[in-house]
Amino acid sequence: MMDSPFLELWQSKAVSIREQLGLGDRPNDSYCYNSAKNSTVLQGVTFGGIPTVLLIDVSCFLFLILVFSIIRRRFWDYGRIALVSEADSESRFQRLSSTSSSGQQDFENELGCCPWLTAIFRLHDDQILEWCGEDAIHYLSFQRHIIFLLVVVSFLSLCVILPVNLSGDLLDKDPYSFGRTTIANLQTDNDLLWLHTIFAVIYLFLTVGFMRHHTQSIKYKEENLVRRTLFITGLPRDARKETVESHFRDAYPTCEVVDVQLCYNVAKLIYLCKEKKKTEKSLTYYTNLQVKTGQRTLINPKPCGQFCCCEVLGCEWEDAISYYTRMKDRLLERITEEERHVQDQPLGMAFVTFQEKSMATYILKDFNACKCQSLQCKGEPQPSSHSRELYTSKWTVTFAADPEDICWKNLSIQGLRWWLQWLGINFTLFLGLFFLTTPSIILSTMDKFNVTKPIHALNNPIISQFFPTLLLWSFSALLPSIVYYSTLLESHWTKSGENQIMMTKVYIFLIFMVLILPSLGLTSLDFFFRWLFDKTSSEASIRLECVFLPDQGAFFVNYVIASAFIGNGMELLRLPGLILYTFRMIMAKTAADRRNVKQNQAFQYEFGAMYAWMLCVFTVIVAYSITCPIIAPFGLIYILLKHMVDRHNLYFVYLPAKLEKGIHFAAVNQALAAPILCLFWLYFFSFLRLGMKAPATLFTFLVLLLTILVCLAHTCFGCFKHLSPLNYKTEEPASDKGSEAEAHMPPPFTPYVPRILNGLASERTALSPQQQQQQTYGAIHNISGTIPGQCLAQSATGSVAAAPQEA
């Protein structure tokens, strides 16, 4: 049968492309990571250096475990800082309550020597749920699904793919040759190459199946208050609470408004309240010390004043109680003054709480869903006599986030200022990572200065494999910290949005740093763009076949080994946090300040960064599980150790976080990128080794294209589903559900304050105990008591949704 003209043209173009890339029948293995001649770094060694790297990494892991055990037992309760943190920081899930606190202490004492090690295996999900919240349970459930997936992948890769690769005879017969275990060992005319593509498709379906099972297990207990509260942006800054309430009453007469809260800028007030709280704790500390010892303590409150050995001008000592009393009075004056100016700083935001969830859903649908009439689609909400005054057509309406998810101090940063700040931070971040994205640039620089020439004859695997993979892990560990702090500077309105953006950015940068650029043999994004766009560059024809060099897979196997042992060991030790902790303890001016540092050292678990880092390694494992099946069991070891370390850290180290479920679904979507990249790798192999017209290449291309189209369709429908009214399920009001529903009426609405301000509110207002226990959005209830009869409930940092900021 004659070939079609389309395939003839396709084949000619493919041959032309392969000729431009300088590809022959076999890959050119004279270069991979460095194009410099006679490079002494990253050259092939016995079995890719894997045995040596494994031995060194396991030894380092045991050493890190020993160091952590000593530090945890001897210094500052460092290994369980979440348990010694102040109770106010943990009130979100009633941590350190009378029951759970005593239970925790019994648990610690019961385990005896090295309790943290056995606690990893003895902890139950119920304990983690009570102590750490729902998000920790979903995160650990995600890891367990990844573990089961990698068990299946490891079994198939070792029992099917590895024997197939070993059956080839293209490379040396040396049993110590790592290349014999890779797909590069098979001849191009070997029909067994079809098996690799079929198993890549199987891995894709397995990943989809396991991830779907995980998403079905994600069950969030929606807060009644959250689901019946709407967050509104785009309000005129001079809008009044009564006007907004009248608008909803007139436009939606069937929807009963419980409360309307306007949002004001309280960022400075929150900061002052935090400082006042620290000062009060220090004052209490020295007051109790005086009662106990009968003597007043002298301190030197100047920076590094504790290191002054004598009293000189500018370094005088003073009474601790007098100093902190004076600081407290000064802060109270500033808080009182700031409260008086709060209402002069409106944010143009509000949140409205309704009697029923169905009412909030109905209004959200009216504002967001496109309603088509004839040939026109419009989204104008129902009008009222106040619509023009309130500019309702410019409103952005979303469901409100949980109050614990709000970054209260960031609400004042919005509109053009927010976008300019975001662009500036990310442009600077991109420039910084543009020229330094993989440690290969350091290795090539070492070659230029002949640093490694003396060991050229040794061909030592410690130099050629251990240090490069250690450098790669070090850079991949540093990058999340850089992206983390840059994301904090972006001033997101919710912690969920902050974590989701962080996860996306870290994952993309890590995939480029760890997988794509090293696979292509590129040293940085600078070279990547030059290779991509500069057709006259000498590097433009020498990169793609680097993906399938025999020793290429060994580099990634060693990286996964380093991540499994050194990475998880360092994550348990948390060396950057330990250094910061030590620095803060040294710089604390007084013993009371050091006590405050110790109690405020615990932070919330950054699910976004941790998801991204774990998914990066998972993507490397799956992407090379076909071309280099040896990587799969080491990947399983990595995720098992990661799971145990995270169980320990979530329970003993980090404070619980209250996030939206969107971040867990985003992690599932990113996990699906792993088998897609595996298909990409097989397609590149088929294209470079077999040609475009080969049946295996065409089949892989069609599967890959279909997968990408399905993912794009899913993403697009997910992005635009709010335009369809069918996606807003309206529940029946309680009055239509009978007496059974009436028994579950929502509790009465009572204003609520941000956590840091709640203590002041309870101290200075006459709120009843029942009122203090109920949660709502945004209010500051006459904290200072300086404005008699006036409630500053409107001067609130309102609840926000995890939506992008509007100008």
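Placed from the backbone N, Cα and C atoms, the Cβ positions cover glycine too.
Per Swiss-Prot, these features apply:
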- Asn38: N-linked glycosylation site (CARBOHYD)
- Asn450: N-linked glycosylation site (CARBOHYD)
- Ser739: phosphoserine (MOD_RES)
- 219-414: region 'Intracellular linker IL2' (REGION)
- 555-586: region 'Gating helix' (REGION)
- 1-51: topological domain 'Extracellular' (TOPO_DOM)
- 75-134: topological domain 'Cytoplasmic' (TOPO_DOM)
- 168-191: topological domain 'Extracellular' (TOPO_DOM)
- 218-416: topological domain 'Cytoplasmic' (TOPO_DOM)
- 445-462: topological domain 'Extracellular' (TOPO_DOM)
- 491-495: topological domain 'Cytoplasmic' (TOPO_DOM)
- 533-554: topological domain 'Extracellular' (TOPO_DOM)
- 587-606: topological domain 'Cytoplasmic' (TOPO_DOM)
- 625-628: topological domain 'Extracellular' (TOPO_DOM)
- 652-661: topological domain 'Cytoplasmic' (TOPO_DOM)
- 690-694: topological domain 'Extracellular' (TOPO_DOM)
- 710-807: topological domain 'Cytoplasmic' (TOPO_DOM)
- 52-74: transmembrane segment (TRANSMEM)
- 135-167: transmembrane segment (TRANSMEM)
- 192-217: transmembrane segment (TRANSMEM)
- 417-444: transmembrane segment (TRANSMEM)
- 463-490: transmembrane segment (TRANSMEM)
- 496-532: transmembrane segment (TRANSMEM)
- 555-586: transmembrane segment (TRANSMEM)
- 607-624: transmembrane segment (TRANSMEM)
- 629-651: transmembrane segment (TRANSMEM)
- 662-689: transmembrane segment (TRANSMEM)
- 695-709: transmembrane segment (TRANSMEM)
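Contact counts against the transmembrane segment (135-167), taken as Cβ pairs under 8 Å, peak for 629-651 among the stretches 192-217, 607-624, 629-651, 662-689. The DSSP breakdown of the region 'Gating helix' (555-586), given as helix, strand and coil counts, is 31 helix, 0 strand, 1 coil. Two recorded stretches are said to be in contact when at least 3 C-beta pairs lie under 8 angstroms, sequence spacing 6 or more; the transmembrane segment (555-586) and the transmembrane segment (192-217) fall short of this definition. For the topological domain 'Extracellular' (168-191), the model's average pLDDT works out to 74. Within the topological domain 'Cytoplasmic' (491-495), the DSSP-based counts of helix, strand and coil residues read 1 helix, 1 strand, 3 coil.
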